[in-house]
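Undergrad: Dumping what Swiss-Prot says about this protein:
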type	residues	note
BINDING	F26, A60, L61, E62, C84, I85, I86, N117	5-amino-6-(D-ribitylamino)uracil binding site
BINDING	E89, T90, R131	(2S)-2-hydroxy-3-oxobutyl phosphate binding site
ACT_SITE	H92	active site, proton donor
Amino acid sequence: MFGADKGTADKLDGKKLHIGIVQARFNENITNTLAAACRAELLRLGVQEKHIRHVLVPGALEVPVALQALAERDEYDALIALGCIIRGETYHFELVANESGAGVTRLALDYQVPIANAIITTENLDQALARQTEKGVDAARVAVEMANLLEELS
């Protein structure tokens, strides 16, 4: 929802955090902007450049596999999934959107690591372009907030 009230978070301090980013290359013009906005926001929140691991995969269905590999290393306080799925003329859109989303959620629960899911799903390119920067920033903020929350709860 564009312009939705996302509330205010108190603990957006990333100074001590290690963050892993997995970016799908499919629709690369969009995902590159997502990644740039995400990285810039992580740095603004205090995450050190050397504590950000950024890997690329072919598409959204491969994102969970790379997230799992990072989660298994147990080196990251939070992970971020970046991708862009634009509806086409076939059922493939639903398949990719549902399976990638379910995979990301399952990994977060199985590994007890926060994963900010910014695999955006849109009806068309214009919607993707309108969301690419904001969703990258949101993903960084979610990752930092949830990493801090889980640290507080442990």
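From the backbone N, Cα and C atoms, a Cβ is placed for every residue, glycine too.
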Undergrad: Which number gives the other C-beta atoms within 10 angstroms of the C-beta of R131 ((2S)-2-hydroxy-3-oxobutyl phosphate binding site), all protein chains shown included?
TA: 20
Undergrad: State the count of C-beta atoms found within 10 angstroms of the C-beta of A60 (5-amino-6-(D-ribitylamino)uracil binding site), not counting that atom itself.
TA: 27
Undergrad: Determine, to the nearest whole angstrom, how far the Cα atom of R131 ((2S)-2-hydroxy-3-oxobutyl phosphate binding site) is from the Cα atom of L61 (5-amino-6-(D-ribitylamino)uracil binding site).
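TA: Just about 20 Å between their Cα atoms.
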Undergrad: Taking DSSP as the reference, which of helix, strand or coil describes E62 (5-amino-6-(D-ribitylamino)uracil binding site)?
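TA: DSSP assigns E62 (5-amino-6-(D-ribitylamino)uracil binding site) to helix.
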Undergrad: At 10 angstroms around each C-beta, which of the binding-site residues L61, I85 has the fewest other C-beta atoms nearby?
TA: L61
Undergrad: Counting other CB atoms within 10 A of each CB, which of the binding-site residues C84, I86 comes out lowest?
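TA: Output over binding-site residues C84, I86: least Cβ neighbours within 10 Å is I86.
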Undergrad: Around E62 (5-amino-6-(D-ribitylamino)uracil binding site), how many other CB atoms lie within 10 A of its CB?
TA: 18
Undergrad: Relative to the Cα of A60 (5-amino-6-(D-ribitylamino)uracil binding site), which of the recorded positions E89, T90, H92 has the closest Cα?
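TA: Result for A60 (5-amino-6-(D-ribitylamino)uracil binding site): the nearest of the recorded positions is H92.
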Undergrad: Looking only at T90, N117, the binding-site residues on record, which one has the least crowded Cβ, with the fewest other Cβ atoms within 10 Å?
TA: T90
Undergrad: What is the separation, in Å, between the Cα atoms of N117 (5-amino-6-(D-ribitylamino)uracil binding site) and H92 (active site, proton donor)?
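TA: Between the alpha carbons of N117 (5-amino-6-(D-ribitylamino)uracil binding site) and H92 (active site, proton donor) there are 20 Å.
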Undergrad: Enter the number of other CB atoms within 10 angstroms of the CB of H92 (active site, proton donor).
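TA: Neighbour count, Cβ to Cβ under the 10 Å cut-off: 11.
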Undergrad: Whole-number Å only: compute the distance from the Cα of I85 (5-amino-6-(D-ribitylamino)uracil binding site) to the Cα of H92 (active site, proton donor).
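TA: Cα of I85 (5-amino-6-(D-ribitylamino)uracil binding site) to Cα of H92 (active site, proton donor) measures 10 Å after rounding.
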Undergrad: Taking just the CA atoms, what is the gap between H92 (active site, proton donor) and L61 (5-amino-6-(D-ribitylamino)uracil binding site) in Å?
TA: 11
